[in-house]
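Taken straight from TrEMBL:
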TRANSMEM  A:12-31  transmembrane segment
TRANSMEM  A:37-55  transmembrane segment
TRANSMEM  A:62-80  transmembrane segment
TRANSMEM  A:100-118  transmembrane segment
TRANSMEM  A:125-142  transmembrane segment
TRANSMEM  A:187-205  transmembrane segment
TRANSMEM  A:236-256  transmembrane segment
TRANSMEM  A:263-296  transmembrane segment
TRANSMEM  A:327-349  transmembrane segment
Amino acid sequence: MSSLSRSRMSPLQLAGLAAVLAVMVILPFYAEPFLMQAGLFAMAAAIGAIGLNLLTGSTGQLSLGHAFFLAIGAYGYVYFAAEPDSAHHLSGWGLPTPVAAVLAIALAGVAGGLFSPIAGRLKGTYLGIASLALIFIGQHILHNAHAVTGGSNGREVPPLEIFGFVFADTPELVVLQVPFRALEKLWFLNLVLLVAAAWIARGILRGRPGRAMNTIRDHEIAAGVMGVPVARYRGAVFVLSSMYAGLAGVLLALAFQRTVPDYFGFILSLEYLAMIVIGGLGTVAGSIVGAVLVSMLPPLFTRYSDALPLIAASGSGGLDAAQASRILYGAVVIAVILFLPGGLMGLWMRLRTSLALRRKVRPS
Amino acid sequence: MKSTLRSAAVSLVALALAATAAGCSSDKATGGSEATGPDGVKQGPGVTDKTIKLGIATDLTGVYAPLGKSITQAQQLYYEEVNQRGGVCGRTIEAVVRDHGYDPQKAVSIYTELNNNVLAIPHFLGSPMVSAVKQRIESDKMFTIPSAWTTALLGSKYIQVTGTTYDVDMINGVQWLMDKKLIKKGDKLGHVYFEGDYGGSALRGTKYAAEQLGLEVFELPIKPTDRDMKSQVAALAKEKVDAILLSAGPQQAASLAGIARSQGMKQPILGSNSAYSPQLLATPAKPALVEGFFIATAGAPMSADLPAIKKLAEAYSKKYPKDPLDSGVVNGYGGASIVVSALEKACANKDLTREGLINAHRSEANADDGLGTPMNFTYFDKPATRKTYIIKPDEKATGGAVIVEQAFESELAKNYQVPVGTF
């Protein structure tokens, strides 16, 4: 595995990457708003999933508290960026929005740091149980710290504004005769940030820290013997993973345009775990594939249910699209765990190796 | 280094290619301009010469699935009846049903889709979901009927909260308990409620009524995940409350009533409209629910002696013989009728745009569809009515509930200042 992953990208891979990028750039010019919206969620989720994968996939630390850090990113951004609103008893700092976004990510990191005495000492499933508490603390705060979070009503998310360029519906920007509204503008922002986040994570995983993390996952004592400061690494990865979640949270807030506390619950944490398991533990590409699959599958299913065979229209009594997508989703998770321990990326790797072997064998 | 250079070059080429491709024609570029039909009616999104599309954003797989199903089916029944009569404005109504499974993210995606192709949303389930798209509803001018009765959703021209809000129900309910001598001045009320806008709204009403009537309130917040009410009952017993108020789900109602009665607690229990569902009568909690358990609600039960409701009960049971006749049926049917009568008015004004529809709707000061809840739609910073029915579970009645007290508006509720956009 490691010899493969350390190799440079092959021309074929580069071409593939370029093709994907090209499609992502062209999409906003054609896709309907619904797809854009779902795509925004998927890209934000991909960043969050990369963060969780660094922690769970690469270092072997289970976290069920990922939704908590997503919430810190989202609400942190809103709190730092919003003007105080005395009519609704809401406070805010009214900072420039990019500063607010950076601060929100930093805040998520700090929250992760505060948890690191625990994150550094506990391993595997024990950390999972401990981090579960964060979800419940988070839900309590979100519902009750009304001045900061807006309570159950949630809060309006101020649109991001970078050097006078506003990521909102107005002013409308027309690019190549296509009107660019909030969705299209945010699409490119998310795309750039996703590429950057993936590139950084790839760098970490392929360098010295990545190897140290994998060793901690595979054999903690061996890592310690080789001079890896295990507790410090675990704490640090937890902070990093929280910051990824913070960034994802900011992007989710921007995509939602309004934060609602009910979203950041236990189910959300489980969805992120499902993403990295389905995509493939310990790989960046796997996180992205998993995030896209988990967050796009249900909405696509409901959207195009009319065209699918064997699926009844919603509300007509039969097996409807939403139920079908849930069943399918469950089936995919079970199938991946049973048959593809490496997730979809693992399957891809296996296919590639076997193809390469066959190619080598044939000429002789 | 070389690889970085190479990938940068490749990315640039990709971007250049993409930009060229994007230059080609895209149907997004045209933009949706408002058209006018051959009959001279201006048409908004989702309206063609032959059809009017309406959106239903409901929950068919999540926690409120039973309610979502009832409302959705009742609305579909209504549109079918309208279409059999020849539709509205010479156009048939087509419902676009989408299931968000009580997940705000899915609700936002669904709303984005519906915004593109429907004229209005006559059923949008769940206040967290509606809250998540509240601003978009305003900017898209989307006429929306939320299936949630919190004061947090008041204050928007485009959102029509039907019936009373939870706080008004509680005020009327507490007043009724006083009138019936079930409680007296100086007594203590124990209110078990969901944290959040549903419970928060209801609690606000209770506190107001208690203050005005000289009662004490013992607050007991719970979470939707708390299903076993043992510790809550113990706390209520310890506080020696004289009446129990409940703003939670049916599961909590069954648990609370069952445990309280088995411990010999005889206090009256008064629930908000979402605290009861007729399915509870098939559970072991039945004996506890048929005695001393009341619900304060703006909607008339299916057993009400109204011709429109009788007709609805018959038609619904004929079409969906296996499904229960719960409060969602009247509610969904009523919501559909509100939107359809607004459509008819808008059609008479030759304006089936979103703006035309909401203006037609807001001109209705005395809407009565015969379902027992007349409403005034000309304002949106107050509930459309302040009349509450007191009903109680009854296994023999159609829909599992009978009226104890006809709809009334107490003096307290009349003078009550409703919070707008909050709770």
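Using N, Cα and C of the backbone, Cβ positions are placed for all residues, glycine too.
Fair warning: this is a prediction, and the values are worked out from it, not measured in the lab.
When each of A:37-55, A:62-80, A:125-142, A:187-205 is checked for Cβ pairs under 8 Å to the transmembrane segment (A:12-31), A:187-205 comes out on top. Here the transmembrane segment (A:236-256) lies next to the transmembrane segment (A:100-118) in space: the count of CB pairs under 8 Å, restricted to residues six or more apart, reaches at least 3.
The transmembrane segment (A:37-55) makes no contact with the transmembrane segment (A:125-142), as judged by fewer than three Cβ pairs under 8 Å among residues 6 or more apart in sequence.
Using a cut-off of 8 Å between Cβ atoms, the transmembrane segment (A:62-80) and the transmembrane segment (A:187-205) share fewer than three residue pairs, counting only pairs 6 or more apart in sequence.
Ranked by the number of CB pairs under 8 Å to the transmembrane segment (A:187-205), the listed stretches A:100-118, A:125-142, A:263-296 are led by A:263-296.
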